[in-house]
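These come from Swiss-Prot:
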type	residues	note
ACT_SITE	HIS137	active site, proton acceptor
BINDING	HIS137, ARG175, GLU240	hexadecanoyl-CoA binding site
ACT_SITE	GLU211	active site
Amino acid sequence: MIAGLKGLKLPKDPRSSVTRTATDWAYAAGWMAVRALPEFAVRNAFDTGARYFARHGGPEQLRKNLARVLGVPPAAVPDPLMCASLESYGRYWREVFRLPTINHRKLARQLDRVIGGLDHLDAALAAGLGAVLALPHSGNWDMAGMWLVQRHGTFTTVAERLKPESLYQRFIDYRESLGFEVLPLSGGERPPFEVLSERLRNNRVVCLMAERDLTRTGVEVDFFGEPTRMPVGPAKLAVETGAALLPTHCWFEGRGWGFQVYPALDCTSGDVAAITQALADRFAQNIAAHPADWHMLQPQWLADLSESRRAQLRSR
């Protein structure tokens, strides 16, 4: 689904091509190692790493983000939650590296028992206008996408271009191997919004990660009591095509998974900002219920941006 790499700290300096290449190699090595080793060994290694980072305070931005969810100062975020959050984040990557080698049909049958709210998706497709599934970066959204392909066929999503191009292509190939249709956010033959609209008008499913867009194109919303910006794409697609906008959430349940599709948001007003706020409210409820599984290691709120960055947003 869109991006899926929000926690990465990839270099932006064009002179750092060596570092970018090393990053690509590191992910390639991780992919091979995780597939080659027994599951219990990989799980223990990832969990040990999570506990180590948690004991040393964990990523500062993750702590700040969880503080907003809990409504406490960053220093008051419980250490067990930090540890659980890092373990959840590591589990996501562990499963990403293994997912292409797993029997998808067998796994989909297992997931059939834990996915709720499918009647909302079925109703949307029965109406013939398509469906937009909007999700935050929580749990394992790639696993949910794999299930969707097995039960409803290929869906369409969008991916940000990473650098180096080889790393970007590695993740595109990975998601296409799961049956996703992945459009580049930039540099494609056609604008992604145009293609997504076309897919919806053909009664297809579009899936978008939708809780963060700290750019001038994002719309300002209230999120856990503070202002941030979220992408307008999901709401705009629903308004312009008539597709159902279905908030969706993924989380982990023990060693299993939880997935829930929620009722379609009311988009009849055509007010993209108001619809996006309603989506933000739904996300907030779901993230608060499963805070450890929200994998947001980058700044989420405007207050965490530099003053110069905030000034750029205000100059729109």
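Note that Cβ sites are derived from N, Cα and C of the backbone, with glycine treated the same way.
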Remark   = The sparsest Cβ environment within 10 Å, among the recorded positions HIS137, ARG175, is found at ARG175
Request  = Return the maximum Cα to Cα distance in Å (whole number) over the record's hexadecanoyl-CoA-binding residues: HIS137, ARG175, GLU240.
outcome  = 27
Inquiry  = Going by DSSP, is ARG175 (hexadecanoyl-CoA binding site) sitting in a helix, a strand, or coil?
reply    = helix
